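Participant: The domain 'Cation efflux protein transmembrane' annotation in TrEMBL covers 16-205. Summarising the annotation, TrEMBL assigns domain 'Cation efflux protein cytoplasmic' to 210-285. If you look up TrEMBL, you'll see 18-36, 83-105, 117-137, 149-170, 176-195 marked as transmembrane segment.
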Amino acid sequence: MHDHSTHSPHHPNGALKIALFLNGGFAIIEFIGGILTNSTAILSDAIHDLGDAAAIGTAIYFEKISRKQRDKKYTYGYKRYSPLAALINTLILLVGSTVVLFQAVPRLLDPQPLNSSGMILLAILGLIFNGIAVVRLKKETSSVSKKAVLLHLLEDVLGWLAVLLGSIIIKLTGWTIVDPIMSLGITMFILFNVFKNLRSIFKIFMQSAPDGIDENEILRKIKKDPQVVGVHDVHLWTMDGSYHVATIHVVVRYGLSNDEQVSLKQNICKLMDDFDIDHVTIEVEFDTENCQKCD
Ligand SMILES: [Zn+2]
Ligand SMILES: [Zn+2]
Ligand SMILES: [Zn+2]
């Protein structure tokens, strides 16, 4: 209960900054290329890469703040800056996707002329760029987050493969409607992830109980203790999706000794720790008192 230190590991910011520079730079190339080739599919991929760059950029900026220790004003620390950063990223993707949709949807009915050779060139550039990123990552030591990043990079590669294939089809057949169709596909994929992320961000800000933590299971284990007469007013929430907080009222028999109370609290803290709950507040009550604090 008295371990209030943060456990988040320190990220190597140097590697992130290089990734930001590469992703941001490439997104700009894509935007210019998308406008020059008149391709909404390329623009959709540009939005996607802009989102990646924003994610890395906010990770560098906000994660540093979110690791700051708590103080008198922010008594829980600055961990909520991490979901705040995620919220900003989803908003960037949402606005960008909307703009592209306004470009792409009318073209379904009225396809515009495209520079398909330029599109092929950009798609090959995209494949090379993302391929280098995959190879760079593969060289690094194994970790859980690396797997997620690798999966994301593979998505990027698949996106560019689709654009390459579509551009070749357009060049061979002249079916320029393939471009807005690809654009819609990529944008739908972006929006699918946006809403998935918004859902988990919303749950964090609404103080929902963290995913994967079963309150009933916790209560069942606490009530197993013969000293415990009752449990009520349980609150479970998460600061950022990984740092979880709980408060709980535990009713014990009147006259339970100090030592017994101390060991009871220690047991509950240990149990909460097994459930990955990082910060626990326990109020011990006697069965003779009337708890006024609960509603
Ligand atoms: Zn404490
Ligand atoms: Zn309460
Ligand atoms: Zn109570």
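Cβ from N, Cα, C; glycine included.
Nobody curates TrEMBL annotations by hand; they come from automatic prediction.
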Participant: State the mean pLDDT for the domain 'Cation efflux protein cytoplasmic' (210-285).
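Facilitator: Mean pLDDT, the domain 'Cation efflux protein cytoplasmic' (210-285): 93.
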Participant: With DSSP, how much of the domain 'Cation efflux protein cytoplasmic' (210-285) is helix, how much strand and how much coil, in residues?
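Facilitator: Split into helix, strand and coil, the domain 'Cation efflux protein cytoplasmic' (210-285) gives 26 helix, 29 strand, 21 coil.
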